[in-house]
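Contents: one structure, followed by commentary.
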């Protein structure tokens, strides 16, 4: 049965209605623009003008939260991301230096078994989180997505803290990644000043985002395709090398699991350290949910994208890291590289060099450089959309809500690019100290974001039950349900607690204030945002009661009876398919 795409109410009758079913009252959809279309340079200049602010016939009796939900649901952001963009962002978006390089230090710290255990556990948490995000984002494909869900389902102050936490995470990531990209070039050219390459990569990121969400989508499609092909190629090569098929021959098998110290060289504390590192390696997984508001058909595309996460975790992380643990000894000194972008510290590169294969290490360094640029590109997208959502929610200066006629949150993009100029500190003698603190500022941001997404799903389901509704009105539900959301929230809490332990008593070093704040700075920053908002608004309510949560405003599917009928028909259609088709539909 072909899926149908329902849309927002688009009639003047609905706009004038005082009914609150859905809470969306749009007054200007039928407005006609009789002006002749602009061409050439005039069209180019006109594209930077603010998008026409639609007159939203908002019921003045609505609460502030409901008004905000309406505004975020009707953002001028363009819905031009296609299914292929979202699928590739989901499957390859967060494959970066955390896998290609960071897994090296994790192998050295936790050993081959510790590495595998940590990534599998964190992988289950990520899968549950993305499933929770998918259910919410398909139901409420609004500007800012999970950035705004916290204010709706948990508490406005927590939403404020989480939104600014997420915006800051991406704001500081751009200069870090630009410098990291320039450092990858040192693999071939150690003489040229890094600042020269920083300029080149900075201009590239500016050019990509000049083309709006479509530019971001196409760039990520290419970047992710390269990363996926590289990982698949390594898996094939790794199996051949383990079996003794490399140029130097010799069966490797599992011997590196039995060398001195393996498979747990640093015991439980080493595994816990890897546990935290593994969480950082998955950062950016949630971006497919943020892109829901700019996707042509989120009802069809987003569930497929969420299901792809299972394959990314299984294929790209678990299988790859199993091979890494087999091919590279945990005590190889090269694993302790000087930076997160040092290709010589990549276990992928080390395994290729150990096999005596020439040329491929350089190819792998290109992949690492592309992975770094991909994260930098995503940082502009993530921060600008978050700032726009904050402005629409009255939680940031209104200027950040400026969205031009091409659907670009222009002021947010400019703000991110200005912060990106910090990358030129690469020429400073204090660059290491500055970037370490920038990294500390964003270190635990993803943990807070993922934990909050799971709590939002739990609160949403509670609100449905409290208001006499059920999941029969949802076009997509999490495959792991509330139990999965509880597991995801629990594991994120565990990571925060374990990181506190590592921050107070670091592995192989003495406790110090500097070590603590470099590992745990995000937590006091979040507390300051949360308490500050409480003091400013004088709203002392800890959480929104389930019966008071708005579960209608911002929905794309407003005719709930029709939705229930379509969901029932779709389930019946799937049940009639052959077994292999049902399995494929469940996992793909």
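Each Cβ is built from the backbone N, Cα and C atoms, and glycine gets one as well.
What Swiss-Prot records for 61 is N-linked glycosylation site.
The transmembrane segment annotation in Swiss-Prot covers 88-108 (among others).
Only residues 6 or more beyond the boundaries of the transmembrane segment (113-133), in the same chain, are considered here, and those with a CB under 8 A from a CB of the stretch are 90, 103, 106-107, 145-146, 257, 262-266, 270-271, 274-275, 277-279, 281-282, 285-286, 288-289, 306, 309-310, 313-314, 317-318, 321-322, 324-325, 450, 453-454, 456-457, 478-480, 484-485, 487-488, 491-492, 495. If you look up Swiss-Prot, you'll see 113-133 (among others) marked as transmembrane segment.
Away from its own ends, the transmembrane segment (160-180) comes close to residues 97, 144, 147-148, 150-151, 194, 198, 201-202, 205, 339-341, 372-373, 375-376, 378-380, 382-383, 386-387, 389-390, 393, 395-396, 415-417, 419-423, 425-426, 431, 435, 438-439, 441-442, 445-446, 448-449, 452, 522, 525-527, 529-530, 533 of its chain (Cβ-Cβ under 8 Å, at least six residues beyond either end). Residues or ranges marked as transmembrane segment in Swiss-Prot (evidence: sequence analysis): 160-180 (among others).
Residues annotated as transmembrane segment in Swiss-Prot: 193-213 (among others).
Remote same-chain residues near the transmembrane segment (221-241) are listed as 84-85, 88-89, 91-93, 95-96, 99, 252, 315-316, 319-320, 323-324, 326-327, 348, 351-352, 355, 360, 363-364, 367, 370-371, 373-374, 377 (criterion: CB distance under 8 Å, separation of at least six residues from the stretch ends). What Swiss-Prot records for 221-241 (among others) is transmembrane segment.
Annotation source Swiss-Prot lists transmembrane segment at 271-291 (among others), citing sequence analysis. Remote same-chain partners of the transmembrane segment (271-291), defined as residues 6 or more beyond its termini with a Cβ less than 8 Å from a stretch Cβ, comprise 81, 85-86, 89-90, 93-94, 96, 98-99, 102-103, 105-106, 109-110, 114-115, 117-119, 121-123, 125-126, 129-130, 133-134, 136-137, 144-147, 213, 217, 264, 302, 305-306, 309, 317, 375, 378, 381-382, 385-386, 443, 446-447, 449-450, 453, 495, 498-499, 501-502, 507.
Annotated transmembrane segment per Swiss-Prot: 309-329 (among others), in sequence order, evidence recorded as sequence analysis. Nonlocal intrachain contacts for the transmembrane segment (309-329), taken as residues 6+ away from its ends with a CB within less than 8 angstroms of a stretch CB, comprise 90-92, 94-95, 99, 103-104, 107, 111-113, 115-116, 119-120, 123, 126-127, 130, 228, 231, 234-235, 238-239, 241-242, 252-254, 256-257, 259, 262-263, 281, 285, 335, 347-348, 350-351, 354, 587-588.
Residues 75, 77, 93, 95-97, 100-101, 143-144, 147, 163, 166-167, 169-171, 173-174, 177-178, 180-181, 184-185, 201, 204-205, 208-209, 213, 216, 219-220, 223-224, 226-227, 230, 284, 287, 290-291, 293, 341, 343, 346, 396, 400-401, 403, 408-409, 411-413, 415-417, 420 of the same chain, all 6+ positions outside the transmembrane segment (366-388), place their C-beta atoms under 8 angstroms from a C-beta of that stretch. Annotation comment: Swiss-Prot describes 366-388 (among others) as transmembrane segment, evidence class sequence analysis.
Outside the transmembrane segment (409-429) by six or more residues, the chain places 48, 77, 170-172, 174-176, 178-179, 182, 193-195, 198, 202, 205-206, 209, 379-380, 383-388, 399-403, 435, 438 with a CB less than 8 A from a CB of the stretch. The transmembrane segment feature in Swiss-Prot is assigned to 409-429 (among others).
The transmembrane segment feature in Swiss-Prot is assigned to 438-458 (among others); the stated evidence is sequence analysis. Within the chain, the transmembrane segment (438-458) has long-range Cβ neighbours (under 8 A, six or more residues past its boundaries) at 125-126, 128-129, 132-133, 135-136, 146, 149-150, 152-154, 158, 162, 165-166, 168-170, 172-173, 175-176, 279-280, 282-286, 289, 422, 478, 482, 485-486, 488-489, 492-493, 495-496, 499, 517-523, 525-526.
As annotated by Swiss-Prot, transmembrane segment applies to 482-502 (among others), with the evidence given as sequence analysis.
Marked as transmembrane segment by Swiss-Prot: 512-532 (among others).
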*Quickly jot the same-chain residues contacting the transmembrane segment (88-108) by Cβ under 8 Å, restricted to those at least six beyond its ends, or write none.*
114-115, 118, 130, 180, 217, 220-221, 223-225, 227-228, 231, 265, 273-274, 277-278, 280-285, 287-288, 291, 305-306, 308-309, 311-312, 316-317, 320-321, 324-325, 328, 330-332, 334-337, 340-343, 345-348, 350, 364, 367-368, 371-372, 374-375, 378
*Who are the chain neighbours of the transmembrane segment (512-532) in space, where the CB to CB distance is under 8 Å and they lie at least 6 residues beyond its ends?*
157-158, 160-162, 164-165, 168, 436-437, 439-445, 448, 496, 499-500, 502-504, 506
*Long-range environment of the transmembrane segment (193-213) - Cβ separation under 8 angstroms, sequence gap at least 6*: 77-78, 80-81, 174, 178-179, 181-183, 185-186, 219, 291, 294, 373, 376-377, 380-381, 384, 406-408, 413, 417, 420-421, 423-424, 426-427
